[in-house]
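Asker: Below: one structure in structure tokens.
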Amino acid sequence: MELPILKANAITTILAAVTFCFASSQNITEEFYQSTCSAVSKGYLSALRTGWYTSVITIELSNIKENKCNGTDAKVKLINQELDKYKNAVTELQLLMQSTTAANNRARRELPRFMNYTLNNTKKTNVTLSKKRKRRFLGFLLGVGSAIASGIAVSKVLHLEGEVNKIKSALLSTNKAVVSLSNGVSVLTSKVLDLKNYIDKQLLPIVNKQSCRISNIETVIEFQQKNNRLLEITREFSVNAGVTTPVSTYMLTNSELLSLINDMPITNDQKKLMSNNVQIVRQQSYSIMSIIKEEVLAYVVQLPLYGVIDTPCWKLHTSPLCTTNTKEGSNICLTRTDRGWYCDNAGSVSFFPQAETCKVQSNRVFCDTMNSLTLPSEVNLCNVDIFNPKYDCKIMTSKTDVSSSVITSLGAIVSCYGKTKCTASNKNRGIIKTFSNGCDYVSNKGVDTVSVGNTLYYVNKQEGKSLYVKGEPIINFYDPLVFPSDEFDASISQVNEKINQSLAFIRKSDELLHHVNAGKSTTNIMITTIIIVIIVILLSLIAVGLLLYCKARSTPVTLSKDQLSGINNIAFSN
């Protein structure tokens, strides 16, 4: 009788979701900033998980005694096969309970050293599974340890003496009851399947009568359907080390999940949000194997509590921004590293750097605050003015101009450098745009794919309005000679400080070089002057010598009268 109602509800939900999606997607806007090679997608609303709601789910089991019916009837054989599967499932759950208890205990000891998490302690029991399987359990629990801490706390209490009987008694006359556990916490418990009464009071009496013959095949089918849920739950817990996520429809059917949401102590708006997005709720929920005891299988379902809803959210997309010099290897690059989801939260901003951890449904963003950082609202200034003095924007630098594309909500950012060919195409018209070197943006209007080299990107087809904000690429403001490379976790101020240090070093080097050159110049001048003086003196001496020599050559010889008389007399005397 429930199936037609579920179909009607499903159709209504789908129509409402389609209408909501079409209406809300019109509010999405996107702004591309050419100066920083980044884009901001706006118009989203928040659904931030701030806590957990835990509930205990039970399945009543039958302690099947030896079935004495071994007839040859085909339907009886099918029943016996299902009973064997049932017994094997119960045995597997019992072994799994031991292994997960021990794994939880070991995870509690290892978490402080590996992840600084603390899990609630559980009673140590013997583990009959292989070491490889135990290591798999431990690794899984280490990965989700902090997320399931509250669920493990409830699961631990169920292992105390009398807790299972307390739940079993509360569910004798109803399928849902609030039970106060020994630790003082009240939890909602639900019985989703009663295999005990069905097997003991309906199935086995039919099988064991009339010479072990079953005339109605519906009996076989009914048991297979009921047993299948237990078998699937066992399989999921076994494969996933006792902790499963998302919560499957075997753990909780849609009607059971909606009923549980309706009983949660939250506002009507929160209930409506969760009821309209049950698939997202399932993805962010956990099922935790607890105990099988007193003919009861009990497991904990941990659902998210969305304490922050309907606040504005936006997503930042970034891509490398490089210079476009033709000389290979001479370019410098800068990339904003603050990409991710942002949501307003109580006067500040919750930042989710791993955008893939958030789930988007239409214009609704479901994120877990455990994965967030709290930032001041001034972080928004980085989008319009990356050099603003109120918030130090985060960047990384390099000297490798790699071409790539980033798909945004309403288009694509294309970083095209070197000899890479970058194009945008329409499936009917072919290439409609070829990108030149640099960072550019294309909206999804009339564009189906973006190609960068040999890589093909498919753009989103979400409706909305795109805005291209032009501006001088900030990378052009930097000198390649002093630009710091390979800064992977830096900020604008840190990069500028390193540039200033480099410039100061260059200035100091120039001053030292100037002083050295000045000293060398003075010495050279003195040496040159001395040489010139020596040369002048030598030239002067040579000039004086030549002058005296020439003067001596040009002066006539004169003799006195006595000398002439003597000469003449001597001459005449001969």
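Each Cβ is built from the backbone N, Cα and C atoms, and glycine gets one as well.
Note that the structure is predicted; figures quoted are calculated from it, not measured.
What Swiss-Prot records for this protein is below:
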COILED    76-96  coiled coil
COILED    158-209  coiled coil
COILED    481-516  coiled coil
DISULFID  Cys313-Cys343  disulfide bond
DISULFID  Cys322-Cys333  disulfide bond
DISULFID  Cys358-Cys367  disulfide bond
DISULFID  Cys382-Cys393  disulfide bond
DISULFID  Cys416-Cys422  disulfide bond
CARBOHYD  Asn27  N-linked glycosylation site
CARBOHYD  Asn70  N-linked glycosylation site
CARBOHYD  Asn116  N-linked glycosylation site
CARBOHYD  Asn120  N-linked glycosylation site
CARBOHYD  Asn126  N-linked glycosylation site
CARBOHYD  Asn500  N-linked glycosylation site
LIPID     Cys550  S-palmitoyl cysteine
REGION    137-157  region 'Fusion peptide'
SIGNAL    1-25  signal peptide
TOPO_DOM  26-524  topological domain 'Extracellular'
TOPO_DOM  551-574  topological domain 'Cytoplasmic'
TRANSMEM  525-550  transmembrane segment
Asker: Among the recorded positions listed here (Cys322, Cys343, Cys367, Cys393, Cys550), which has the Cα closest to the Cα of Asn500 (N-linked glycosylation site)?
Answerer: Cys393
Asker: Could you tell me the mean pLDDT over the topological domain 'Extracellular' (26-524), as a whole number?
Answerer: 85
Asker: Name the residue among the disulfide-bonded residues Cys313, Cys382 whose Cβ has the smallest number of other Cβ atoms within 10 Å.
Answerer: Cys382
Asker: So, three-state DSSP: helix, strand or coil for Asn500 (N-linked glycosylation site)?
Answerer: helix
Asker: Between the glycosylation sites Asn27, Asn500, where is the Cβ count within 10 Å the lowest?
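Answerer: Asn500, out of the glycosylation sites Asn27, Asn500, has the fewest neighbouring Cβ atoms within 10 Å.
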Asker: Whole-number Å only: compute the distance from the Cα of Cys382 (disulfide bond) to the Cα of Cys343 (disulfide bond).
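Answerer: Distance (Cα to Cα, whole Å): 15 Å.
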Asker: Sort out for me which one of Cys358, Cys367, Cys393, Cys416, Cys422 has the most neighbouring CB atoms within 10 A, since those are the disulfide-bonded residues we care about.
Answerer: Cys367
Asker: In DSSP terms, helix, strand or coil for Cys382 (disulfide bond)?
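Answerer: Note: Cys382 (disulfide bond) is helical by DSSP.
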Asker: Are there any residues in the same chain, six or more apart in sequence, whose C-beta is under 8 angstroms from the C-beta of Cys343 (disulfide bond), and if so which?
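Answerer: Listed in sequence order, they are Ser46, Leu48, Val308, Thr311, Pro312, Cys313, Val349, Ser350, Phe352, Val365, Cys367.
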Asker: Just jot down the residues in the same chain as Cys333 (disulfide bond), at least 6 apart in sequence, with C-beta under 8 A of its C-beta; none if empty.
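Answerer: The list for Cys333 (disulfide bond) reads Pro320, Leu321, Cys322, Thr323, Thr397, Ser398, Lys399, Thr400, Asp401, Ile475, given in order along the sequence.
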Asker: Which of the three DSSP states, helix, strand or coil, fits Cys343 (disulfide bond)?
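Answerer: Note: Cys343 (disulfide bond) is in a strand by DSSP.
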Asker: Measure from the Cα of Cys550 (S-palmitoyl cysteine) to the Cα of every one of the recorded positions Asn27, Cys358, Cys393, Cys416, Cys422, then give the nearest.
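Answerer: Minimum Cα distance from Cys550 (S-palmitoyl cysteine) across Asn27, Cys358, Cys393, Cys416, Cys422 lands on Cys416.
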